[in-house]
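Novice: Structure below; questions to follow.
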Amino acid sequence: MNLHEKKVLVVGAGRSGLAAVKRLKALGARIVLTDQKELAQLSGISELGLPDGQLVLGHIPQWHEVASEVIVLSPGVSPKLPFIQEGIAQGALIWSEVELALRDHPAFKIGVTGTNGKTTTTTLIGELAKRTGRPTLVAGNIGVALSDQVEDLDGEGIIVAELSSFQLEWVDSLRMNVGILLNVTPDHLDRHGTLDNYLAAKARIFEKQSPSDCAILNWDDARVRALAPHLKARVVFFSPTSLLAEGYGVRGDEVVLAEGGKITPIIARGELQLRGSHNLENIMAAIAAVRELGLSWEEITQGLRDFKGVEHRQEVVGTYEGILFINDSKGTNPDASEKALYAFEEPIVLIAGGKNKGLDFHDFMKTIKKQVKSLVLVGTAAAEMEQAAKDTGIQNYLRAGTFAEAVELAIAEAEPGDVVLLSPACTSWDMFKSYEERGEFFKELVRRHYREPI
């Protein structure tokens with residue numbers, strides 16, 4: 001669709017919304033930007049150069065105020081808002097900012113989705129893709145809005161996009177040359193309602209693929225594996241736990257590729273800097289993706305050896321008085337935090353809690369009972385988590401009134417040889433703007449406690 005002179009409504013004036021406006025201006029669209037926050041509460045609006053008549057701010061609008069042919073939704077905006085529902089009824093198209101950025105872009109596009117591991121996988125693919133010498137953009141749900149960046153790339157470029165279920169929910173004609181679905185476990189059920197709806201949103205990454213494209217799937221995840229017969233693209237499987245007849249798997253301590261009856265060793269686990277068996281999912285998916293770019297095994301293995309991981313994902317803060325501190329603030333659901341718990345053999349003092357996303361904590365507490373020496377709970381979900389801990393028979397837990405108190409309690413519980421792990425299993429939105437802010441504050445508190453210069 002040519003958007004020149006088309007009226008387009010952008011809902012949400014955060015990072016994605018502002019990037020969408022800039023992209024739409026370049027495409028010659030007639031833009032209306034709406035956000036329920038007042039102008040004084042928003043940043044970056046004046047730089048857009050939109051006249052007052054194109055800004056509808058400070059309230060949730062009626063459809064007649066913002067009626068448009070296309071609605072571009074920011075990821076955090078609920079499509080159930082009445083004016084959006086009326087727009088759908090009136091025939092307006094709904095796109096995510098990702099759809100706007102990538103729908104007609106000529107670059108080679110690699111999309112990564114899944115409940116957990118997206119950011120690590122996306123970042124690793126980006127680092128490996130740069131070894132091709134081609135211009136490479138890493139963006140999406142990873143913190144850089146795609147619409148802000150894509151104009152600088154042509155058909156020689158590579159785009160590696162982390163894609164959330166919110167972003168994929170409203171794609172229309174977006175086609176990924178390589179689509180990756182890492183795993184699916186209950187998450188964002190407050191938005192999607194059911195696990196089936198959540199999976200359906202994730203699976204849209206494959207919807208417009210053709211037989212010349214590649215779909216990379218986790219063999220070990222039954223829900224993900226079951227998608228394979230329904231996909232048009234060539235399917236490549238990976239398994240972090242077994243040797244597959246065809247695909248990426250493990251043989252002893254090695255990551256290998258089984259293909260056409262031949263097994264090719266790729267790298268030994270001991271050569272990798274990423275800890276935890278769950279990171280094998282991320283590594284195998286990344287290998288499969290960059291093989292589509294024609295990288296040699298030597299280039300891939302050197303890139304894997306060099307990769308140290310991503311900030312706020314099992315990030316080593318430091319060892320102080322014999323205690324190892326790990327920042328896993330990106331663990332925003334129980335499944336992600338469970339994987340972090342299995343990454344360490346040392347006794348663990350766990351800091352958990354924050355804002356729940358409508359998820360149950362009882363299975364998580366069963367893992368905590370096996371893997372955790374002491375549990376410190378904080379945030380609005382603390383009472384719910386405490387009840388689940390009691391129901392599971394956990395006795396060694398503490399409640400903190402503030403995040404700073406939680407860190408001090410964890411330090412007091414820990415002994416030399418222990419790990420103090422921040423992996424909250426909840427979002428940060430009750431106390432912080434983002435998981436990044438939470439992780440930075442954790443690191444600051446630890447260093448301040450041990451009087452290390454910040």
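Backbone N, Cα and C define each Cβ position, glycine as well.
In case it helps, Swiss-Prot gives these features for our protein:
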BINDING   GLY114, THR115, ASN116, GLY117, LYS118, THR119, THR120  ATP binding site
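Neighbours and distances for these, please.
Specialist: In sequence order, LEU182, ASN183, HIS278, ASN279, GLU281, ASN282, ALA285 make up the list of same-chain residues 6 or more apart from GLY117 (ATP binding site) whose Cβ falls under 8 Å from its Cβ.
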Novice: Setting GLY114, THR115, ASN116, GLY117, LYS118, THR119, THR120 aside, what same-chain residues sit with their Cβ within 8 Å of the center of the Cβ atoms that define the ATP site, listed in sequence order?
Specialist: VAL112, THR121, LEU182, ASN183, ASN282, ALA336
Novice: Is THR120 (ATP binding site) helix, strand or coil when read with DSSP?
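Specialist: The three-state answer is helix.
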Novice: Counting only other Cβ atoms and using a 10 Å cut-off, which of the binding-site residues THR115, ASN116 scores lowest?
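Specialist: Fewest other Cβ atoms within 10 Å, among the binding-site residues THR115, ASN116, is found for THR115.
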Novice: For THR119 (ATP binding site), which residues in the same chain are close in space, meaning a Cβ under 8 Å from its Cβ, but six or more apart along the sequence?
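Specialist: Correct list: ASN141, ILE142, GLU162, VAL310, ARG313, LYS330.
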